[in-house]
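In what follows, a single structure is set out as structure tokens and then discussed.
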């Protein structure tokens, strides 16, 4: 029986690397993607040069500015990042059909038995990295091991722009000296709790009696014990199709401006509707989410009389839900979101409503233009108002 080999591929500082590939003058500089530091927001990605100042993803932009005043702050272009991600996944799929994407910038590959095609799995990893660099002008790091969890940790040890292979049978020895914080699934709270018990390394964690660990971590304990010993039998698999589509945005300042909220709701509705149509689906449920300035969050949903995928139908339903909340609540809004769910195939209509048919034709035309020139290339009168309100 062939020895199992799993590869974890991770693009280094992905958002920043994309920006640097298009703007060479940014290379070797501290670069932060996330927006302007004076705006309310967080760091989405930081270059390795910026990380030397203690900057990390999720940090408030203003804090990052204080740590590194000379950093270059970039708004970011998520449409561009998705395009790069699609090319990245296509490159990986050329090497193995057993591909499990994990977000835009990383994926697992099942590569057991692929030695005969590439000489060795290490050579295969090198080919992948070289092709990514050649075609995307960004670097990738790769970890190789007998399981997903060990391969991912190996990737962390390989960064940046390197590769690390853990030989079969040496997983426990590889993991033993490493700090528990490197283990996927151990967050800050669990790390603090384990270290308060004197458990600082994965080797120490692997040797803790299961009964003792279960008292402190509950049902999560068996997984952690196995993972710390390099045991992880999870398969590499394509993710199931998402059961919902949603978009939300946090505002720079809390607002009660209804014109602004309606325009933003229209924009979010058009984005999720376009994604739904791209999948060839319709939705039966529309939901909105509102978070107020005091962080209280309310959600409301509506089951539609018939499934739809149109911009106008989704927006009008979401608008009624939003107004139903705001008409009776005068608090300022911090976050607004809209979602759709309960998908089905296109509905067969015995009688076609002319008005609905015209809207469907309009949506299809918008989709074609936006796919070619970008979502902002054409706007409705409602969303165009956002330009005057930002």
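Heads up, the Cβ atoms here are built off N, Cα and C, so glycines get one too.
Under the DSSP three-state reduction, residue 106 (active site) is assigned to strand. What Swiss-Prot records for 106 is active site.
Residue 10 (Mg(2+) binding site) falls within a strand segment according to DSSP. For 10, 105, the entry in Swiss-Prot reads Mg(2+) binding site, with the evidence type sequence analysis.
Confidence for the domain 'UmuC' (6-187), expressed as mean pLDDT, is 94. Marked as domain 'UmuC' by Swiss-Prot on the basis of sequence analysis: 6-187.
According to Swiss-Prot, the feature site 'Substrate discrimination' maps to 15, an assignment based on sequence analysis. A helical conformation is recorded for residue 15 (site 'Substrate discrimination') in the three-state DSSP classification. Within the same chain, residues at least 6 positions away in sequence whose Cβ sits under 8 Å from that of residue 15 (site 'Substrate discrimination') are 33, 44, 45, 76, 81.
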Message: Roughly how many Å lie between the Cα atoms of residue 10 (Mg(2+) binding site) and residue 106 (active site), rounded to a whole value?
response: 4
- request: Under 8 Å Cβ to Cβ from residue 106 (active site), same chain, six or more residues apart: give me those in sequence order, or none if nothing qualifies.
  value: 8, 9, 10, 11, 155
Statement: Row residue 105 (Mg(2+) binding site), column other C-beta within 10 angstroms, all chains, value 22
